[in-house]
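According to Swiss-Prot, the protein has these features:
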DOMAIN    1-116  domain 'Ig-like'
DISULFID  Cys22-Cys96  disulfide bond
Amino acid sequence: EVKLLESGGPLVQLGGSLKLSCAASGFDFSRYWMSWVRQAPGKGLEWIGEIDPNSSTINYTPSLKDKFIISRNDAKNTLYLQMSKVRSEDTALYYCARSPYYAMNYWGQGTSVTVSS
């Protein structure tokens, strides 16, 4: 059974940094593209970015590429999202997803991040 479990919230200070993790199990993590997606309160899903199995290609939504860093550790079956210089609009539910062939077919339950002033 494929499982994705996000962690790393819930509170971060305005202008601060936070690192989210996504622990994967039930599949060969090292073979798959992985993505991060978020959903702010009352808004739709926003794709953050994706990383390939070799960590050689990392794609980001242009508006977020300067403040978010996606990485992975295949030995630990874990995906990461490093957030920096957070603002109030970064308050959201953050999801990791398995994304073979650019179609996200397995999702975690999400981890909540609240930016506090």
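Cβ atoms are placed via backbone N, Cα and C, with glycine included.
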Quiz item: Which residues does Cys96 (disulfide bond) neighbour through Cβ under 8 Å, counting only same-chain ones at least six apart?
Solution: Leu4, Glu6, Cys22, Ala24, Met34, Ser35, Trp36, Val37, Leu79, Leu81, Trp107, Gly108
Quiz item: Including all protein chains displayed, how many Cβ atoms other than that of Cys22 (disulfide bond) lie within 10 Å of its Cβ?
Solution: 26
Quiz item: Looking only at DSSP and grouping its letters into three states, which state does Cys96 (disulfide bond) belong to?
Solution: strand
Quiz item: Using DSSP, how many residues of the domain 'Ig-like' (1-116) fall into helix, strand and coil, respectively?
Solution: 12 helix, 59 strand, 45 coil
Practice problem: Calculate the per-residue pLDDT averaged over the domain 'Ig-like' (1-116) and state the result as an integer. | Solution: 95
